[in-house]
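K.L.:
One structure, as structure tokens, below. Some questions next.
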Amino acid sequence: GRMKPVIVVHGGAGRIFKEREEGSRAGVVRAALRGYGILKKGGSALDAVEEAVRSMEDDPHFNAGCGSVLNEKGEVEMDAIIMDGKNLDSGAVSAVKCIANPIKLARLVMEKTKHMLLTDHGAHLFAQAMGIPETPGEKLVTERSRERWKKNLEPDSNPEEFQKDLGTVGAVAIDSEGNVACATSTGGLSNKLIGRVGDTACIGSGGYADNHSGATSTTGHGESIMKVVLARLILYHMEQGMSPEMAADTALDYMKTRVGGLGGVIVVNNSGEWAARFSTKQMSWATVKDDQLHYGIYAGERHTKPVDEALRSESEGF
């Protein structure tokens, strides 16, 4: 039977500052509409999640690609993962610099190598071999990221305060063939140590996709997410018969009580039910199912409008 395609995206869990709310909402809506456009034409879940994440990497409102936070040395180092639920193939990159779209590179790692994760210099050489153009590091650095980095260097600063505003981006989808996929991309933690790899690049933590159960992408405190292998934990709960929402809440609750970690997740199961849940103050998210767009940022907030109406206002600019 033909599945009805579904896409869900998130723009990161944490604290979204008032002046960035509009841009975060518009950004996740745009990403969801782009991904859905691919699914609607019969395209694959894999292409849809890659396109949705690429759209957010190019948007300076999010901590991924352009707009990524800076490490202790004031540089951008990015992580990304993509996974195909059909055969459990996955590709990831970590600590990559000077490329606009780490998610594209992750996809190439999956499709053009026998490996699953390339890091730093090796990822850089692979990107060159694949003909991916280099983006000067400064091009990825926004005024805001630089400001925040400077603030965090002050002796009395508390980087942890700022790390609550995280903004990893991600997408999950199911296509008309019933295949699921996930993609996640991030600039990581503000003022992190050089070479720090968080949950995003780690299979089962930053994302997981399996046609037998569903797909999920996570955001939040990376080290906490890794401790509980959050993405895989959610799918495990769904395999035990939980709905996406219940599985997400149960796993987030466990992460909070067991290791004191906060985060957010998006989930789609193999019958096309979805959830967007978070234990942080906020998470920007959007989803399209049955030609209806839903989106929100605050707990309990959910706006709904028909896709064609959303596409019209999209083309006129938000």
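Note: Cβ is positioned from N, Cα and C throughout, glycine not excepted.
From TrEMBL, for reference:
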ACT_SITE  T168  active site, nucleophile
BINDING   R196, V197, G198, D199, T219, G220, H221, G222  substrate binding site
K.L.:
With the cut-off set at 10 Å between Cβ atoms, which of these binding-site residues ends up with the most neighbours? Options: R196, H221.
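P.N.:
Most Cβ neighbours within 10 Å: H221.
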K.L.:
Quick check on the binding-site residues: of T219, G222, whose CB has the lowest count of neighbouring CB atoms inside 10 Å?
P.N.:
G222
K.L.:
I'd like to know which of the binding-site residues R196, V197, T219 sit within 10 A of the residue listed as 'active site, nucleophile' at the Cα level.
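P.N.:
Of R196, V197, T219, within range: T219.
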K.L.:
Out of these binding-site residues, G198, G220, which one has the fewest other C-beta atoms within 10 Å of its own C-beta?
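P.N.:
Candidates: the binding-site residues G198, G220. Fewest Cβ atoms within 10 Å: G198.
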K.L.:
Looking at substrate and its recorded binding residues R196, V197, G198, D199, T219, G220, H221, G222, figure out the farthest C-alpha pair and report it in angstrom, whole number.
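P.N.:
Of all Cα pairs among the recorded substrate binders, the widest measures 16 Å.
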K.L.:
By a simple count of other Cβ atoms within 10 Å, which of T168, V197, D199, the recorded positions in the record, is least packed?
P.N.:
V197
